[in-house]
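Per Swiss-Prot, active site, proton donor is recorded for HIS653, and the stated evidence type is similarity to another entry. According to Swiss-Prot, the feature Mn(2+) 1 binding site maps to ASP586, HIS588, ASP620. Taken from Swiss-Prot, the feature region 'Disordered' covers 381-402, 430-466, 499-525, 861-883. Summarising the annotation, Swiss-Prot assigns repeat 'Kelch 1' to 64-113.
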Amino acid sequence: MGTAGKGAWVVPAPAYREVEGWEGAGDDSPGFRCGHSLTVVAPTKGHGPRLILFGGATAIEAGASSGMPGIRLAGVTNSVHSYDVDTRRWTRLHPAGEPPSPRAAHAAAAVGTMVVFQGGIGPAGHSTDDLYVLDLTNDKFKWHRVVVQGAGPGPRYGHCMDLVAQRYLVTVSGNDGKRVLSDAWALDTAQKPYRWQKLNPDGDRPSARMYATASARTDGMLLLCGGRDASGMPLSDAYGLLMHTSGQWEWTLAPGVSPSPRYQHAAVFVGARLHVTGGVLRGGRAIEGEGAIAVLDTAAGVWLDRNGIVTSRTLKSSHDHDASSDLLRRCRHAAASVGTQIYIYGGLRGDILLDDFLVADNAPIQSEFTSSMYDRVPRAENQNRNHNFNSDSPTTNNSTDKKSIDMLTQASAAEAEAVSAVWRAAQEASHASSEDSLSEGIGSESPLSETSPMPEDLDDGGSLEPDVKLHSRAVVVSKEAVGDLGCLVRQLSLDQFENESRRMHPSSNDQSYPAKKALNRQRSPQGLHKKVISFLLKPRNWRAPAERAFFLDSYEVGELCYAAEQIFMQEPTVLQLKAPIKVFGDLHGQFGDLMRLFDEYGYPSTAGDITYIDYLFLGDYVDRGQHSLETITLLLALKIEYPENVHLIRGNHEAADINALFGFRLECIERMGESDGIWAWTRFNQLFNYLPLAAMIEKKIICMHGGIGRSINTIEQIEKLERPITMDVGSIILMDLLWSDPTENDSVEGLRPNARGPGLVTFGPDRVTEFCKRNRLQLIIRAHECVMDGFERFAHGQLITLFSATNYCGTANNAGAILVVGRGLVIVPKLIHPLPPPVNSPESSPERAMDATWMQELNIQRPPTPTRGRPQSASDRNSLAYI
């Protein structure tokens with residue numbers, strides 16, 4: 001963990017306000033409540049993200065011994081209420097199955113579209129330590145009790161629990177009725193039979209406490225904050241719990257000075273910022289003033305209140321309160337975050353039970369400060385291709401327990417795999433029925449929105465002469481002989497590209513890397529981007545470094561990301577660009593290919609061609625290849641140097657829950673060290689949330705990473721997506737934009753299920769024609785899929801797929817290509833072929849051996865699939881084979 005240097009970019013804690021316009025009358029509204037839980041569940045097919053409120057007390061009474069109000073156990077409930085973030089409506093749920101007993105002061109954690117509950121206290125005393133699962137999948141609500149073998153944490157209340165590293169349910173501290181506890185337990189949701197494991201972490205262990213909070217950061221660190229010790233003293237410390245690659249857990253004391261000690265507070269992560277609200281001091285006195293709202297910025301290593309960085313624990317007097325601080329003068333409330341918004345419900349203020357509903361928005365546009373540290377890293381609440389449920393199964397204990405175990409495993413795997421973030425729908429038990437159920441939800445007709453009518457004055461377009469034309473010949477750099485860097489350049493007729501329809505997809509199984517994370521910081525001198533360009537932009541002379549250590553430290557990565565982020569924040573979601581321009585497809589960390597393309601066809605420098613042609617990159621800068629760090633840092637540096645000429649949009653791998661699995665996080669750790677590497681990886685992913693999502697060239701060509709899918713009918717739909725944006729708040733439009741693909745060929749029309757996973761689609765040529773006609777476009781350029789010749793035409797030439805990395809995953813043997821769009825909108829493909837393997841080349845053998853090892857290890861984890869048209873093995877059908 002580090003501390004922030006001077007001038008660190010931090011944003012004060014946000015202001016809270018009451019949620020406006022929410023609905024929920026009568027029994028649907030949770031009403032007065034304290035000691036409850038509030039948990040965010042991933043979107044389902046029929047709903048967007050939802051908040052699940054469970055349990056808690058509906059009445060209070062004066063404490064006999066303390067004179068302070070406490071919960072009335074007779075008023076404790078087990079009711080379940082759901083708040084739909086999109087519709088702003090509260091609904092009381094009545095799930096099938098045997099519910100847990102009424103309880104308060106329990107612990108809850110989300111696993112995909114399920115919520116796990118454990119412990120608590122109610123009218124019957126301490127609740128058991130059984131795990132109860134509320135399954136919301138497929139919008140069929142049902143309770144399940146999960147069977148766990150062996151000893152566990154035991155009955156307790158006032159403890160905390162969260163899902164760590166998208167895999168481990170970790171519960172910490174609490175009170176078992178006899179003593180205050182300091183232990184930590186973990187349950188691996190990917191291993192059956194389920195067993196609790198008592199952890200023995202290294203490092204600075206936190207003292208025994210209850211009424212603390214524990215929140216998991218997206219990259220897998222659990223942050224324990226505050227609490228009350230055995231003597232009743234409130235605590236002000238915070239500890240990070242993380243698991244190293246060896247499997248050993250470690251506690252680390254968080255830096256900084258917290259605004260106040262506290263317990264019975266609420267805390268939730270938004271990106272790298274832990275938002276802490278409310279709580280009480282010794283004797284139950286509510287925290288007042290600025291201390292009622294706090295943020296621990298784990299990236300900058302500082303605590304903040306409403307005024308900025310906290311340097312000493314001096315609470316303001318009551319006349320300094322702002323309205324937001326007064327609202328948060330409460331305890332026993334609950335909080336959850338959706339995107340950049342933090343929601344709070346209920347609680348206790350003195351002897352007054354609350355039923356209000358609050359929200360704060362951490363979006364940078366609403367802040368008068370600029371910060372690089374606070375936008376949200378996407379939650380790994382994404383979807384599992386193997387995630388199959390049968391909600392109509394018999395309710396006998398044996399079958400329920402078995403199915404609930406399977407469901408919990410599959411849900412946690414869904415988090416770890418993180419592929420279909422918005423559209424994980426529950427499938428039937430078999431792979432075949434999974435495909436069938438998806439097919440039933442996707443018809444062959446294109447679901448064009450009735451609210452987006454075609455322009456009345458637009459005719460069929462058959463009589464119009466198109467302005468955009470694909471040149472009849474492509475420029476090709478032939479395969480290079482060893483030692484021959486001259487490169488034979490030739491032109492081929494497009495008719496000679498026999499492999500043009502051979503699209504290919506990388507694959508994987510459902511394994512995931514162990515969690516590795518830390519707290520850290522950043523900052524660096526001015527002009528850093530020039531250093532990066534000078535060091536990396538060597539099109540003819542670049543060689544992979546013999547030493548794997550990266551030449552920038554996390555301090556400099558933070559500076560680079562901040563400078564680029566300020567530019568991206570000022571750009572529209574859909575860029576408006578002019579020709580001439582070069583368009584690049586997926587690079588996937590293959591920095592050598594980027595240098596070859598620059599060398600052969602010009603590079604962005606005043607010594608190159610930047611003075612008369614722009615550059616557009618279509619995303620997927622990281623993962624798979626061995627030099628993702630070089631690729632993304634150079635592109636960011638070029639963006640800073642030439643902000644009006646170099647353009648970057650987002651790909652599906654520019655998301656933490658994807659690039660945690662496919663090499664980028666591992667590369668950061670291996671080349672920068674674990675602490676600096678995880679911090680840098682997190683910082684890059686924060687920046688990715690600001691990237692533009694599409695680009696228009698001369699208002700006639702639209703460029704995107706994935707496609708139009710089933711939901712995108714107008715460019716305005718893309719323009720309305722507000723950044724920073726994460727997969728879980730972007731919904732179907734963002735998912736289609738980054739993930740959808742064309743169908744197999746022009747003969748397959750409409751929509752079809754996409755082999756990449758549940759909820760993802762392929763779109764036919766009819767969709768392309770309708771979209772272009774509706775938006776007065778002549779061409780779609782997209783990336784996302786490996787194609788044998790580096791580019792591929794679809795929909796009678798109205799769509800081109802572009803891929804710039806050669807020999808993808810070290811096995812594809814595909815060419816890489818760029819498209820050069822001239823002033824007359826004539827498009828010329830320019831290709832490079834894969835380099836042949838070296839023949840006893842001592843100079844290149846060590847680095848190529850490293851390349852081979854890197855590819856082999858990653859391909860074992862995520863094996864590439866056969867080329868387009870070859871049969872797919874049954875074992876791969878529900879894997880990550882297609883990311």
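Backbone N, Cα and C define each Cβ position, glycine as well.
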- request: Could you put numbers on the helix, strand and coil content of the repeat 'Kelch 1' (64-113), residue by residue per DSSP?
  value: 3 helix, 21 strand, 26 coil
Message: Just to confirm: which same-chain residues, 6+ apart in sequence, have a Cβ under 8 Å from the Cβ of HIS588 (Mn(2+) 1 binding site)?
response: ASP620, TYR621, VAL622, ASP623, ARG624, GLY625, SER628, HIS653, ALA805, TYR808
Field: Secondary-structure category, per DSSP, in which ASP620 (Mn(2+) 1 binding site) falls
entry: coil
Task: Determine which residues of this chain, when ASP586, HIS588, ASP620 are set aside, have a Cβ within 8 Å of the centroid of the Mn(2+) 1 site's Cβ atoms, and list them as they appear in the sequence.
output: GLY585, LEU587, GLY589, GLY619, TYR621, VAL622, ASP623, ARG624, GLY651, HIS653, ALA783, PHE803, SER804, ALA805
Query: For ASP586 (Mn(2+) 1 binding site), which residues of its chain lie six or more apart in sequence with Cβ-Cβ distance below 8 Å?
result: LEU618, GLY619, ASP620, GLY651, ALA783, HIS784, CYS786, PHE803, SER804, ALA805
Statement: Within 10 A of the CB of ASP620 (Mn(2+) 1 binding site), the number of other CB atoms across every chain shown is 29
Field: Other CB atoms, at most 10 A from the CB of the residue listed as 'active site, proton donor'
entry: 26
Message: Can you give me the average pLDDT across the repeat 'Kelch 1' (64-113), rounded to a whole number?
response: 86
